[in-house]
Amino acid sequence: MIPKVQDPREEVLQAWFMDDSDEDQRLPHHREPKEFVSLDQLAELGVLSWRLDADNYETDEELKKIRTERGYSYTDFCEVCPEKLPNYEEKIKNFFEEHLHTDEEIRYCVAGSGYFDVRDRDERWIRVWVKKGGMIVLPAGIYHRFTLDTNNYIKAMRLFVGDPVWTPFNRPHDHLPARKEYVKSFVEKDGGNAINAAA
Ligand SMILES: CSCCC(=O)/C(O)=C/O
Ligand SMILES: [Fe+2]
């Protein structure tokens, strides 16, 4: 048997299908048995990911290249913890409401960790655990949410093309062009076996 070569990104990014329990959102919520999702499977949903050198993000050539190629002209930092984030409780609640954006959501974890949950084509939640060095792009129009994990801290670089727009559109917002485009991308890929919300 040929041993599976581990994807180096998996040291800082892991994904799995979630269970249905209402327990604390900061717990991992693995299914029993665990059902992992590869980063290549995530890419099929349009979720892109990289492992980068978070200790040297100011000079990192790989980050520079991604920014140039994808046009990410804007950056700032978002620290999520009660001491650093104004209106912490309200923001934490809002981050965990299922929503979409009309642009990509790009986050690069430079410290701490957190969970980005994304809906797959069959409406299952996939939990993406992003740790220091992990960078992800959620495509415009994908339903998702964010929560801290039990370490209760993340510092993320936020990137954007041009002037940033962070507006969340809570589900349902299926009529938005960004959503329709996202759903259409699956129709184009597999000739019709797309998300139910395509109508
Ligand atoms: C770690 S960045 C905070 C989460 C966020 O900005 C967002 O839009 C979640 O969907
Ligand atoms: Fe979001």
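From the backbone N, Cα and C atoms, a Cβ is placed for every residue, glycine too.
What TrEMBL records for H99, H101, E105, H144 is Fe(2+) binding site. Around H101 (Fe(2+) binding site), a 10 Å sphere centred on its CB holds 20 further CB atoms from the protein chains shown. H101 (Fe(2+) binding site) falls outside any helix or strand according to DSSP and counts as coil.
Look at TrEMBL and you will find H99, H101, E105, H144 tagged as Ni(2+) binding site.
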- Query: Which residues does H144 (Fe(2+) binding site) neighbour through Cβ under 8 Å, counting only same-chain ones at least six apart?
  - Reply: E98, H99, L100, E105, F116, D117, V118, R119, L138
- Message: Among all protein chains shown, how many Cβ atoms are found within 10 Å of the Cβ of H99 (Fe(2+) binding site), not counting that one?
- Response: 19
